[in-house]
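The next block holds one structure in the form of structure tokens; read it before the comments.
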């Protein structure tokens with residue numbers, strides 16, 4: 001009996017010791033995970049996060065596309081490299097293609113739509129805003145500190161509104177000085193509001209776009225017949241084309257891109273605003289939305305956002321003056337392209353069979369797409385070389401390029417995001433090349449990998465066509481001159497015309513280099529200040 005009680009006590013002590021150790025182990029693991037999570041959230045470089053995001057999303061998209069059955073005839077099917085190329089092109093919203101779009105099944109088109117949505121600039125920037133807000137929350141000592149501040153929100157909001165209500169947005173005077181905690185909390189709330197506005201903008205514009213495209217296809221039988229003849233689901237097409245256009249990707253579920261809809265001028269007019277709202281005019285429209293919210297529902301957060309755009313550090317939030325100048329620049333560049341394109345191509349074979357109004361709308365659509373969407377209603381290989389050079393220049397320009405002066409407090413560098421990538425050491429910083437230098441290196445490298453084809457097929461593999469393809473990938477545009485069997489100097493037996501990009505005829509090495517170019521172009525905002533260590537005298 002004594003031995004039994006003694007054994008029970010020993011077992012109790014042993015169990016207690018094990019529980020204490022397990023509790024200690026649990027607390028240690030919890031503390032380690034908390035510190036690791038805090039390190040990842042607070043210390044990880046934004047550039048590295050985006051690199052991992054785009055590579056992981058591209059790899060996942062390739063895996064899913066490979067698991068799904070394509071809609072192909074016979075034994076033909078896209079290779080693993082072509083699927084990865086397509087996935088990268090989708091995630092980086094480049095719309096470069098090495099396979100025909102009608103190869104993909106309806107399920108694969110849905111996957112591509114999701115990849116375009118997740119890779120779009122508006123969506124990724126919104127995720128970045130929420131990540132910044134979460135980081136600010138992590139910087140607060142405890143969750144109770146945030147809760148205590150939020151419980152005191154009514155008093156603080158009244159104080160802030162009283163201080164800001166008497167100040168007009170256009171004035172340059174400073175607002176009433178608050179403590180550092182008040183400023184940090186106001187910034188925290190402002191970023192949260194900005195993220196909500198961007199989310200609302202993203203959802204509303206695309207829902208309206210899907211509705212307008214659906215209504216058009218429901219009333220216009222010629223456009224609806226195109227989908228029926230190609231076996232495309234109408235709802236899938238409406239969502240696909242809206243997401244692709246707004247995300248400035250440029251993929252279209254048809255092999256011919258938008259060439260099959262070039263007679264549908266109203267359809268093109270529906271897509272033009274989507275292109276502008278999701279790309280070059282997004283900052284101006286975002287600023288206008290904040291201004292409207294401030295006018296009809298005055299809040300301290302909107303005042304702070306409109307007055308402190310540089311402090312927010314959001315690339316797409318520009319000062320009021322800069323936003324207006326950006327609109328003027330975008331419209332001016334479109335106008336220049338329209339005049340030159342009309343003068344050179346109005347009576348060309350590319351616009352054969354179109355009336356004057358259809359030509360004007362088609363040219364306008366083509367010029368808007370050169371920055372940075374890539375949908376096209378003409379075969380670019382048939383237009384004048386001078387227009388190709390003009391398109392190369394437009395594709396190279398960053399989306400928020402403004403040639404008009406912005407001085408004083410309104411000055412805003414488009415490389416705000418790039419400054420976050422801190423380059424350690426003066427020597428390393430001096431070795432960083434400019435964007436144009438990297439593009440030149442990519443072009444030279446591809447000319448080396450495709451040198452044999454450039455000798456055997458010089459009309460298709462011309463330097464200009466390679467430049468167009470590389471700049472299009474760098475600008476994440478998607479314009480391509482394609483490949484034509486008719487341009488072969490030595491006709492190849494069994495050569496068939498395919499509706500995919502020029503890169504589809506490149507070697508595997510050339511395709512891999514172009515994949516790198518697409519990633520580089522998608523992340524070029526982090527290196528917009530490169531090349532300052534190099535002086536040309």
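Any Cβ shown, glycine's included, is placed from N, Cα and C.
Those TrEMBL annotations? Automatic predictions, nothing curated.
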Range among 193-219, 463-489, 490-516 that TrEMBL annotates as transmembrane segment: 193-219
Segment assigned the feature transmembrane segment in TrEMBL (from 305-324, 325-344, 345-364): 325-344
The transmembrane segment (231-254) and the transmembrane segment (109-131) contact flag, 3+ Cβ pairs under 8 angstroms: yes
The transmembrane segment (109-131) in contact with the transmembrane segment (325-344), cutoff 8 A, at least 3 CB pairs, sep 6+: no
